[in-house]
Structures are given as C-alpha cells and as structure tokens.
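Chemist: Attaching a single structure in structure tokens format; questions to follow.
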C-alpha cells in the first residue's frame, strides 16, 4: 500500500515540478536578469598536490554571463598559461597538474567575476593551498626509566601538516587506552601512573594525513618501569593544563573541546562543572574517559568558567578554564534580490552579527561603492541601500561584505529594473480534483514588474472571494481548507499592476471518498478447506479504483478483485490479509486474520471471535464526562462477554490508543470519565471466550476544556550525582494529565533539620533539575508541583533526599587489643565525616587485603605469624570510592608473645602426668649425683677440671667445689645477660611483613640464638659461652626456651 501511494505522489510531484520548470525556462529566457553565482569552491580550498586543481565558479543570468578571474588581487590571464583552462559555458578553472604542473606554483587567492549587461557578481576569495604531509625530523630518543606509580608523558610533536594530521599511538598493535593511559588533544600520550606492564620498547606515534592518504611515524620510544616497595599512593596533580587557571577562545558554531588530564595513584577520576550555570543538556558530551569536555555548536551563551576536578582517595585538584566564545560574522538579514519597475522605490538590507561586531561595506558590480559609477537613485545608509525612483540604468549587482577579525561574509544581491505587465504562468483551464473534506490548492503562478496584485473570483462573473473559508498565499495560490461539493466549479485568478491586467481560469471538481462498506472478516478454517474474504467498496463514479490484496502486509497476493478465495488451505496460508483500494486521489484499506486449525479443532470452526462493534455515537457531553453508545457486531456463535473501550488523545499522543474502561457484554452504552484538555476519540473492542474482535472505527472527536492539573508528578527523588549537588528527578505527567497548555513544574527544596525557607524554581516540562553548591551528603526535603496556564495542582507531598556523596574521611581511630601468639583484635571508630552511606571497610596488611562488609567496630585476625610485625592500613568506602587511610602497627613484640607462650606452656605442662614423672626422675638423678659428690669430697680427691680452674683462677668467678660431673657456676657477667632486643620500630611506624627482617638471631646469644618455626630457640644455654660448631645451629632437637628456663630453677 505504501508503495502505491508513494508512487502516485511521486508522479504527481514530478509532473508539477516539470510543468513549473518548463514555465520558468520560458519566462527566464524572455526576461533580462543580472548574474547570480550558483556554485563556487570553499573559501579555504586545500588541494591534493598530485591531482589537477579544479576551482569552481558557476553562474546564471540573461544574457548568459562571461567569466574572468583575479589571482592575488590582479588579473589572471588564463590564455597565457598553457596549464590552465576554463570549462565551456562556465567559469570553472582546471589547472593541469598531472601533466607536469606543480601545485605549489598555483598557490594563492582567487576570485571569480560573472558579468553581463545587467551587472557583475563576484565569488568569495578562494584561498588555494596544496596539502602537505612532511616527514618527522630525526631525533635521538633516550629510554624513559620510570618508577612504578609515577606519571609519564610521551611527547608526539608531529610535523606541521596541511591540514593538521590525525594522531594515534600503537605498539605491536592498537594501544589500548583507559582512565589511566590516554592520548591528549595535542597528541601526547599521558600515563596517570605507570605500572610494570607499561614496560615496552616500541611506543610509536603515528600521524595520518587524510588529504594525501599517507601515514608518517615517529621513532619508537622505550619505556622501562622499575618497581619499588612499597608503591606510594599520591594525590592528584594536573598534567595538562598546568596551573590553576587558563583561558580558551572558541568561535560560535564550532565544537568546544576542553581537556584535563591528571596524575595520581589511585588513578584520579575527572568531573566537569560550569561555574554559575549548567552544562548545556543536549550539546554536551564527555570523551576520553571524561578527560575531555565536548560542547557542540557553541554560542555566546556558552562563555564562562568551566572547572575540571580530579579526585582520588587522597584528595583532589581543580583547574578553571575561562572560555570566551567569539563569532565570525553571521547573517541576521542577508540582502535579497530586488525586482523594481521604473520609478519605484526599494531597499537592500545587509545585517550581520558577530563578536566583535562586524563592519559592513558595499560594492557595486564588484567595485567598492565609493568609487563605483554614481547613481542618483541610490543612497547608502550603513547596512542599508535605499533606492528612490529607480530607472532602468539602475540595474546592478551589489555585494555586501561583513567582516571582523575572525572572518567575513560576502553576499550578492541584484537590483533588476524592469517594466513588465503581469504574466500568469499557470496553464489556462487547469483541472484540479480533490476528495471531499480534503484541502484544495488552486495555483496562480505569476510575474510582473511592478509586482502584480492577485484576486480570486468564483465563476466568470462572480464576486471576489474573501472570508475565513479561504486562505490566500503570497505566491498567488488559493487554498480551500475543507473542500465540499458546493465548492466545485470555475475559479478565476486576476493579476494586475499599473502596466496591465491578466486573468486565468481553473476548474475544481470534488469527488466522493472511496469507502470499504463490507470489510474482510476474521476466519478460522480447517486445513485443506476453502475460505473467502470480501472487500465490497463504494467510490466516486468518475474514479476508477484498483483493488490489491496483501498477505502479512508485504506479499502481493492478488490484484483486481474485490473478493479473495483460497482453495485447499494449508498452514502456510495462516496470516493477515489486507484489501487495499486505490484511486488517483485516495486510498483505503482493511485487514482480517485467517487462522488455520487441524481436525481436532473442528469445534473452533463454529466458535470464532466476534465482529467489531460499529455506529459509535457520543452524547451528553460534559466537562468531565461523556456518554458513548455503539451497536455490537456478530458474536459468531460465542456470546460477547465484555466490551473494552479505548481512547486516543489526538492532541498529545496521536495514533496511540489507551485503555479507558471495560463493561459487560450485555451493555452497549457507557458513561466515560474525562480529563481536561484532551482531544478524545473512542473505539470499542468486543470480547468473547474465543478472543477479541478487531477495533471498531473511531468515534468523532471531543475536545475537553482546560483546567489546572489534578495531580503532581510521581516518583519524586532527590539523589546527588556529585559531592556538591542535589539531582531532583520525577516522572513527568502524561499529556492527558496536563489538563491544559503550558505544563510546567515548580521544584522546591530545603535542607532538612535546618531552619531554612523553601527555595523554588519553575522549570519547563522536563524530568530533572540539578541544585548546585550543596553541602556533601546532607538530607533535603524535596517536592515537585505541577502547574499550567490555568493554575497549580494541589500541594504536593514532601520526600527526603540527600545531596551527593564523597570520599569518606579516615576512621576516627584504629587500635589493636587482645594480642595472642597468633591472633589479635582490631577495633575502630566510624569516620568523623562519612560523606555518604558507608558500604564497606578495607583492611590491608601484607600479604593480605580484606574488604569487610560489616559495620561493627571490631575484627579478630587469626593465624598470624607471631615473629612478624604487622602494619595495618584501614579505610572506609562509600559509593564514590575509598577514603583516606588510617594506620596502626602491631605492638605485640616477641617478649610479650614469649612470656605469653611460657606462661601458657607452664600451665599446660605442669598438669601433665608425663611432666610430673619426668620431674621426679630428674630430682632423683640430682639426688644421686649429690650423694656421689658428697662421698667423693669426703675422700679428698680432686678433679682434673678443678686443677685447671685453680691454675687459671678468675678473680671474678668463685667456682663451686664440685667433683667431676657437677655443674660450673653461672656467671652474671655473660650468661645472665638479658635477651637482645629486636630492631626498634621505625619512626613512621610502617612495618610490612616482608620488611620485618630484624633477624631473630638477635633475640638469642650469638649464632646459636635462633628460633624454630614454633617460636622456640635453636641451641641451648650453656654455663660458658663457647663457640659451637656451625652445624649445631641446624639441630631440630634443641630444647625450647621454656625447658631452658625451667632448667635454671
């Protein structure tokens, strides 16, 4: 159906255009006209130096114009240059480069002049420049040695090309970019912080010159990242732009690009705001991971201060870019061609704006008007030329030049002085045919100088047409908005000026609309049966209709018959069948569904969906209600159970049908509730147990009166998107809920629990408003009230929202309690400034990292290594990210652990039976040894050891008089020294597990003072300090410190 309608409309339009074009050609060939430039090359014309240069200049005029050129302000004689030719009947230049010419030799500023006896038109100044793609200058690039976590900038510095090249970076393949690594607008590659995986030998910057389709590359750059432990986190620092402020000038209509790239660890996140205003909603885009702010089609209103803020968990930094939008000249009123008759007055107006404001200058036939031939009918008044009592010799082409420091505009406008009586270009007795109740447009194309006045008459001797029933267009067309049968007949168009009068008659016929009086109906048919659809039509007797059947709206099924019969139905025939009736003036269609069923569904052949209701009628029209009645269609052997009523709002949602209500099947009338300011149409759908009917034809329309809104927006919320704003959102009212024109919203807010007044703004029919400059994460009371041109909705209810979250401050405290040999308890306090809803805590200590999704203030850490000092890093998190860290170092030194261990083991061992038995055996052995010693002493014998001791007496040592086998006495000078302390905790209290390398040998005596993995010493205490064999250190059977201590008793 769409194809046939489109084909018909296209043929009609093509015929009209062809007719009008032929008339214009006839007219154009008879009337003199000054030249008009129709085509020219761009002002800044960059050409490929390998191809011929074509500088365009096309113009029209009567008689046809001749062409000439200037180059760099002087006449360009193309006949003296064998490489330059001009196209026939054209001003276009062709410079032959491919056969020996050099593009650089023809670089310059060109201007074309088209001239005939009525005046001269000029082109813009066309600056011709060949494109350039120079090579990179060779340079010695030193490798970049960078510490992990530091920032890095790899400079590209591409060669200056024309036009500028497109820059991209690669290594072995495409270089992936991210929030951490990205390319700046200047082509440099920025690393917010380097990681070990950034180590490469072949970072290469490429410059692609699209005009010459060439790519140049820079020498590879080497980056080597060396690691240091620990990697220090850093708060953000801006890599570009530098400083705290900068300026930017952009031209109106261009794309504004602002950039902020920051260094820091963790990688900073960038956000943008406009101070004292909002970023334009539909013209703002963020690129390069929000590092680039892009605003398209900028205007003077976009001037202002734009702030970029780089933030990570350690802090933030910002930069303010002061943007000034300047403007090259742009037209307010460009001069328009002027056709005058001798003795008439007229004006040429040339108005342009810009920043700074452009200056206006005039030329006549390409010559500055101050030195052009004088014309007594002409007076220049700034941006206007006033013509009084013009004569035929006043014909000329005038140029207006509007220029400022950012560019210029040049416009040609001719003044053509003609004395021409009226002419009507529409063919005589043209026949117009339209369908009743459709608009009729009767043409009366005309020309004359002075401009003729147009009048329309009904009939040859009828009275002049006036009144609201008709619309008179400036081009002479008469429009009848709703043509009826009584509008048919002859219409006369009269054109007159002081030089004459002419008239033309056209005929209007009004045709009856085409209608389908019996539509195809829904069918359910058994396989291999036969089915027929009917499409009975009524049409105007003078129009020849064609009937086309479609299956599923796209398959051409049958053409030319008003009924469709399908024999031997199969499952493939299941679908929707559409009857389309076309005439030369209108088209109508109707559809029905065919359902194919199997033998087991034979009962369905007798039970089908009902036919649609018809003859809908509206009565009892009131402001908020109306009565709808209808006649039911055939129920098709299954009683109608209900009627569904739907409505369309042609004012707000044309073509969209919404549910209104449902009534029982025994009811054929309904009183419907209405909303104000809705253009209602209704339709009815019948329902039985088989299914729903097709919708009825729509009822007539009923427009209700306007009123103030009955309800306010739903789902009002206040949630901040940034730390210093509150985004208030709501679900806008539907069109039919607006109750009247001019729907707006009153958005109100105030800080909760603070004695503040409500702040309110009126906004357009939108769904969001952003409140800027709020404190971080504070509660607000928010409400949104609807209003229209007739008043406000009822007072809305308030909801509680919160301004935006930020990174939390560090926890208020972190301390270690209850240390044991292999565990301890961490206790902490909530952040003083949570700045949002705390989502979790993060605990880091080497080699572990825990994300704690709990909110009570303590945590027990188990399975710790008692010989390691731990330093704990602890921070809180909101939805924005992690806040500042607080640190604490474990204070459970080895002595504490050791004393705890000894106490624990003494308690544990003393209660064991084997230990009691062992102690008894030891006591017995000691008793026996004492007895033996006593006996030996009584005998007066001496031990060799005793003799040696006597020979080498130490005055500080008072030996016991023991016989062989007894212990030497312990010396306080050596053996009673306290255990050596471990290395002290550094002043910054940062100890990591792998850094806790203060050898546990230091806790013992010499090289023998070592610990087993369970905390016991390797080696044993002796009465004298003697150097033991090295392999003695590796003994796994040395007594523990507990046993050694017990042996001292």
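In case you wondered, yes, glycine gets a Cβ from its N, Cα and C as well.
Grabbed the feature section from TrEMBL, which reads as follows:
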DOMAIN    35-123  domain 'Ig-like'
DOMAIN    130-222  domain 'Ig-like'
DOMAIN    236-324  domain 'Ig-like'
DOMAIN    329-416  domain 'Ig-like'
DOMAIN    422-509  domain 'Ig-like'
DOMAIN    513-595  domain 'Ig-like'
DOMAIN    612-707  domain 'Fibronectin type-III'
COMPBIAS  693-709  compositional bias 'Polar residues'
REGION    693-713  region 'Disordered'
DOMAIN    712-806  domain 'Fibronectin type-III'
DOMAIN    810-899  domain 'Fibronectin type-III'
TRANSMEM  914-935  transmembrane segment
REGION    945-1049  region 'Disordered'
COMPBIAS  945-964  compositional bias 'Basic and acidic residues'
COMPBIAS  986-995  compositional bias 'Basic and acidic residues'
COMPBIAS  1033-1049  compositional bias 'Polar residues'
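Help me picture these features in the structure, burial and contacts included.
Modeler: For the domain 'Ig-like' (35-123), the model's pLDDT averages out at 93.
Residue counts for the domain 'Fibronectin type-III' (612-707) under DSSP, helix first, then strand, then coil, are 0 helix, 54 strand, 42 coil.
Using a Cβ-Cβ cut-off under 8 Å and counting only residues 6 or more beyond its ends in the same chain, the compositional bias 'Polar residues' (693-709) has close neighbours at 522, 591-592, 609-614, 616-618, 621, 623-624, 626, 628, 630, 633, 646, 648, 650-651, 657, 674-687, 733, 737-741, 743, 786-793.
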Chemist: Between the domain 'Fibronectin type-III' (712-806) and the domain 'Ig-like' (329-416), are there three or more CB pairs that fall under 8 A, provided the residues in each pair are separated by 6 or more in sequence?
Modeler: no
Chemist: Report the listed stretch (35-123, 236-324, 513-595) having the maximum count of Cβ pairs within less than 8 Å of the domain 'Fibronectin type-III' (712-806).
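Modeler: Comparing 35-123, 236-324, 513-595 against the domain 'Fibronectin type-III' (712-806), the winner is 236-324.
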